[in-house]
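Features of the protein shown, as given by TrEMBL:
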{"type": "SITE", "residues": "Arg17", "note": "site 'Transition state stabilizer'"}
{"type": "SITE", "residues": "Lys24", "note": "site 'Transition state stabilizer'"}
{"type": "SITE", "residues": "Arg157", "note": "site 'Positions MEP for the nucleophilic attack'"}
{"type": "SITE", "residues": "Lys213", "note": "site 'Positions MEP for the nucleophilic attack'"}
Amino acid sequence: MSSSYWAVVPAAGVGKRMEADIPKQYLPLRGKTVIEHTLARLLQHPRIQAVVVAVSSEDRWWSGRLFQDNERIIRVAGGAERCHSVCNGLEALMSLAATKDWILVHDAARPCLRKEDIDRLIETLHDHPVGGLLALPISDTVKRADAGGTVLETVDRKGLWRAMTPQMFPLAKLYQSLREAIAAGVQVTDEASAMEWAGFSPRLIEGYSDNIKITHPQDLAQAEVFLKRQERGE
Ligand SMILES: Nc1ccn([C@@H]2O[C@H](COP(=O)(O)OP(=O)(O)OP(=O)(O)O)[C@@H](O)[C@H]2O)c(=O)n1
Ligand SMILES: C[C@](O)(CO)[C@H](O)COP(=O)(O)O
C-alpha cells in the first residue's frame, strides 16, 4: 500500500532577527501574509493530505486568517523552540496517520517553496530507507570568525551543504528520534540532525535557491522578487 504524505509547519516563532513589530510569518508579502503563501504551496500539492501548523499559544494573528476554517489544516500549540513545535505537530499526527507515512516538515518562514521541489522530494525519497531534505551545496568560500568578525580560519567547503526545508522522514522514526534527541539535550535545529543523532543517514536533495527562509529584514524584499519571478513562470 502506498504511503500518505502529511506536512508539519512550525509557525510559532517570534522572528526576533526580523526586527519587526509582529512575528515574521504574519508580515505582508505580495498581497497576503508570509504564512498564507507557505500554507498555500503545501495545500495546493495533490499528494499532501493535510497540514499541521504549530502556532504559539500567545499568537494574536492566526484567527481570522484565510485558512482558519480549512479542514486540511490542523492547528497545534507551538513549543519553546522549533523542535518542540515540530514535536507537537508529529504527536498530533500519531493519531491520524500511519507510522510509516511520510512527513514533510517545512518552515512557515519559507514562502517561496516550489511544487517542483516537493515533487522531487517525493519522487526521490518515496522508497528511500531513511528520508532526506532539500539543501544547497555551498558555492562561496566559507570562513569561521570570532564574535568580533575576525577570521579564525577558512573552512574547506568540499561536501558542505546548506539545509533547507521541507525535510521528509517517516512519522514514527522522526517522532521517536526527535523526542529522544531533545531528551538527551541535543541542539536540534532541523529534523535531519535528530535523525542523524539517532544513527540514520538522510539524503540531501538539491533544491531551488529561491526557497529562502525569511530571517532578516532584507529577506522580505528578496522573497517578493522571487514570488514575482515564479508568477512569471521563471
Ligand atoms: N519556538 C519556535 C521557534 C520557531 N518556530 C518556527 O520555525 C521556523 C524557522 O525558525 P526561525 O527562522 O528561527 O524563526 P524564529 O524563531 O521566529 O526567528 P528568530 O530566531 O529570529 O526569532 C519559523 O517558521 C518559526 O515560526 C516555531 O515553530 N517554534
Ligand atoms: C530548519 C532550517 O530552516 C534548516 O536550515 C533551520 O535550521 C532553521 O533554523 P532557525 O534558526 O530555527 O531559523
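Every residue, even glycine, has its Cβ placed from backbone N, Cα and C.
Because TrEMBL annotations are produced automatically, they should be read as predictions rather than curated entries.
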Recorded sites whose CB lies under 6 angstroms from ligand 2, from Arg17, Lys24, Arg157, Lys213: Lys213
Around the Cβ of Arg17 (site 'Transition state stabilizer'), the count of other Cβ atoms that are within 10 Å: 13
Lys213 (site 'Positions MEP for the nucleophilic attack'): tally of other CB atoms within 10 A of its CB: 17
Cα-nearest neighbour of Arg157 (site 'Positions MEP for the nucleophilic attack') within the listed recorded sites, Arg17, Lys24, Lys213: Lys213
